[in-house]
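Relevant sequence annotations retrieved from TrEMBL are reproduced here:
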- 35, 131, 163, 260, 264: 1D-myo-inositol 1,3,4-trisphosphate binding site (BINDING)
- 70, 120, 152-163, 178: ATP binding site (BINDING)
- 243, 258: Mg(2+) 1 binding site (BINDING)
- 258, 260: Mg(2+) 2 binding site (BINDING)
- 8-64: domain 'Inositol-tetrakisphosphate 1-kinase N-terminal' (DOMAIN)
- 86-280: domain 'Inositol 1,3,4-trisphosphate 5/6-kinase ATP-grasp' (DOMAIN)
């Protein structure tokens, strides 16, 4: 964790926080910036916030925990019910399994989920394993998976996803290469469960690639602004990113497939300036509230 205080050329000083010492013995701070989990740290942050209500915590531990569960993170999206002037935003159909992998094929058939299916660990805990994704082409192989996990219908999307970075009210969208579409003929010939390549790295950028305009076209800005605003309110977060795909063959049907807390902003163009301006805006907002009061 890091805290902000003092002055520099931009009026910001970053100070490393010693998590082994009480926060009240350190500082004073204006903002506490962290990416930690655990009951002990959560209690420390809660106690500090109660004693120092003017300090901004980015972000509240309980809100972070909510999006670290792949079941609860997308429930907020499913309930959004946004106006569809600029496009419809939804989530893929999914099932959660916590025990007994042998029951997975039967439950998938019972619920009518369509193959292929993306398998994701239920909990995102920062470990490499929590980001290991798989693509399952047949129902029998599903029994080989290790719960707790989420199974999500794979939606053809032209092999491109949109990573929407959100820093307060700022939004930046970048294209990333993703899995290619799966046709019915391919589905009938392939069986098994295969690792899902990571697409978060900057080397997977599709922004400069020669793509079909129907695939490469970014989601409309008004739609993303509306979505980001509603998610900030529902999630109680300021720092997160949303992975969005457009169903191939449609112009305005979008699926949110993942939400990540405090992503690697270093992969986002011009992140230094954006992040600095965001931090300064937090203190400006506090100053304006004092003037109004």
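Heads up, the Cβ atoms here are built off N, Cα and C, so glycines get one too.
A TrEMBL annotation is a machine prediction, not a hand-curated record.
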Can you tell me the mean pLDDT for the domain 'Inositol-tetrakisphosphate 1-kinase N-terminal' (8-64)?
87
Which of these binding-site residues is closest to residue 154 (ATP binding site) if you go by CA atoms: 35, 131, 258?
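Closest recorded candidate to residue 154 (ATP binding site) by Cα: 258.
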What same-chain residues, at least 6 away in sequence, bring their CB to under 8 Å of the CB of residue 162 (ATP binding site)?
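Listed in sequence order: 173, 174, 175, 176, 218, 219, 243, 244, 245, 246.
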Nearest by CA distance to residue 160 (ATP binding site): which of the binding-site residues is it, out of 35, 258, 260, 264?
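So, spelling it out, the nearest of the binding-site residues is 258.
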Looking only at Cβ atoms, how many others are within 10 Å of the one on residue 258 (Mg(2+) 1 binding site)?
22
Mind telling me which of the binding-site residues 152, 156, 178, 260 has the densest Cβ neighbourhood, counting other Cβ atoms within 10 Å?
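Selected residue: 152.
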Using DSSP, what is the helix/strand/coil residue split across the domain 'Inositol-tetrakisphosphate 1-kinase N-terminal' (8-64)?
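So the domain 'Inositol-tetrakisphosphate 1-kinase N-terminal' (8-64) is made up of 20 helix, 10 strand, 27 coil.
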Do any of 35, 163, 258, 260, 264 (binding-site residues) have a CA within 10 A of residue 178 (ATP binding site), and if so which?
none
How big is the gap, in Å, between the Cα of residue 131 (1D-myo-inositol 1,3,4-trisphosphate binding site) and that of residue 258 (Mg(2+) 1 binding site), rounded to a whole number?
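It is 11 Å, counting Cα to Cα.
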Compare the C-alpha of residue 158 (ATP binding site) with the C-alpha of each of the binding-site residues 35, 258, 260, 264, and give the closest one.
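Ranked by Cα distance from residue 158 (ATP binding site), first place goes to 258.
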